[in-house]
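*Asks:* Take a look at the following structure, please.
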Amino acid sequence: MEKGTFHIKTGFAEMFKGGVIMDVTTPEQAVIAEEAGAVAVMALERVPADIRAQGGVARMSDPKIIKEIMAAVSIPVMAKVRIGHFVEAMILEAIGVDFIDESEVLTPADEEHHIDKWKFKVPFVCGARNLGEALRRIAEGAAMIRTKGEAGTGNVVEAVRHARTMWKEIRYVQSLREDELMAYAKEIGAPFELVKWVHDHGRLPVVNFAAGGIATPADAALMMHLGMDGVFVGSGIFKSGDPRKRARAIVRAVAHYNDPEVLAEVSEDLGEPMVGINLDQLKEEERLAKRGW
């Protein structure tokens, strides 16, 4: 898929709105995700829960695995690169992935610089905990933003925090007078033009998805109620007892997040959810959301 201008990239991301993007590690899982109604899949060697459990350096997945997943499904395929690792991004662009996630779930390759995403035809999604982070990533060329949450924990609390923080800061920007915007742009380290856009429109200039710790249909619906455009689900599906049923349930929960009766129906008899991690048990260095700036 030939992609280039920022307008085309962000338009492509708009097509995912109201949908669920699922982490998959095999072509078989990708087919389950597609049949369940996922709008795209994220091709990985290990889901975040395994990356967290196994430790070591987490890198871009083997291109062979990604190509096998691309061959198995007709929906768009995304893949992750390390923060700042533009050569991994060049490789993914060369094999034809539809979207690249510059992800804090992998071990950062550069602690000072994110990738210059303008140099790529393929669009990027990046994580953000607050408005400043989101606008910096957009200034670097990101066509889509997601909450960072705390991936691989099955605990939605950080994703909720990041979503609420983003909207709180957007509302604050809207409350400012025009002559106060420059000082605020300096304070949060974001370009004035983007801060002004947020002030005028009351939202981010790109699609904003929820990600990190979403494990149940109720979690997914909660994030939609908090104003997210859609949901990434990582470990929550294929680390659960009945992945096929849970995948379908989460897709339906996102589509019908305003209907408690549907939510009750899809939440029934899903088998065991992923075990999950209480964030109080995480050491500071194990918190993935703090990676990047």
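Backbone N, Cα and C atoms are what each Cβ position is placed from, and that goes for glycine too.
This is the feature table in Swiss-Prot:
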BINDING   ASP23, GLY152, GLY213, GLY234, SER235  D-ribose 5-phosphate binding site
ACT_SITE  LYS80  active site, schiff-base intermediate with D-ribose 5-phosphate
BINDING   ARG164  D-glyceraldehyde 3-phosphate binding site
*Asks:* Whole-number Å only: compute the distance from the Cα of GLY152 (D-ribose 5-phosphate binding site) to the Cα of ARG164 (D-glyceraldehyde 3-phosphate binding site).
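*Replies:* Here the two Cα atoms lie 21 Å apart.
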*Asks:* Validating a neighbour-count step here. Other CB atoms within 10 A of the CB of GLY213 (D-ribose 5-phosphate binding site): how many?
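*Replies:* Around GLY213 (D-ribose 5-phosphate binding site), other Cβ atoms within 10 Å: 31.
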*Asks:* Run through the Cβ atoms and count how many others sit within 10 Å of the one on GLY234 (D-ribose 5-phosphate binding site).
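*Replies:* Total other Cβ atoms inside 10 Å, all chains included: 29.
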*Asks:* Hey, does DSSP put LYS80 (active site, schiff-base intermediate with D-ribose 5-phosphate) in a helix, a strand, or just coil?
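*Replies:* LYS80 (active site, schiff-base intermediate with D-ribose 5-phosphate) sits in a strand per DSSP.
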*Asks:* Which site among LYS80, ARG164 has the most other CB atoms no more than 10 Å from its CB, taking these as recorded positions?
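*Replies:* Sorting the candidates by Cβ neighbours within 10 Å, the top entry is LYS80.
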*Asks:* Could you check which of the binding-site residues (GLY213, GLY234, SER235) sits closest to ARG164 (D-glyceraldehyde 3-phosphate binding site), going Cα to Cα?
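*Replies:* Minimum Cα distance from ARG164 (D-glyceraldehyde 3-phosphate binding site) across GLY213, GLY234, SER235 lands on GLY213.
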*Asks:* To the nearest Å, how far is the Cα of SER235 (D-ribose 5-phosphate binding site) from the Cα of LYS80 (active site, schiff-base intermediate with D-ribose 5-phosphate)?
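*Replies:* Per the Cα atoms, SER235 (D-ribose 5-phosphate binding site) and LYS80 (active site, schiff-base intermediate with D-ribose 5-phosphate) stand 15 Å apart.
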*Asks:* Cβ distance under 8 Å to ASP23 (D-ribose 5-phosphate binding site), same chain, sequence separation 6 or more: which residues?
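*Replies:* Those within reach of ASP23 (D-ribose 5-phosphate binding site), by Cβ under 8 Å and sequence separation of 6 or more, are VAL41, MET42, LEU44, VAL47, PRO48, PHE232, VAL233, GLY234, SER235, ILE237, PHE238.
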*Asks:* What is the interatomic distance between the Cα atoms of the residue listed as 'active site, schiff-base intermediate with D-ribose 5-phosphate' and GLY213 (D-ribose 5-phosphate binding site), given in whole Å?
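*Replies:* Just about 17 Å between their Cα atoms.
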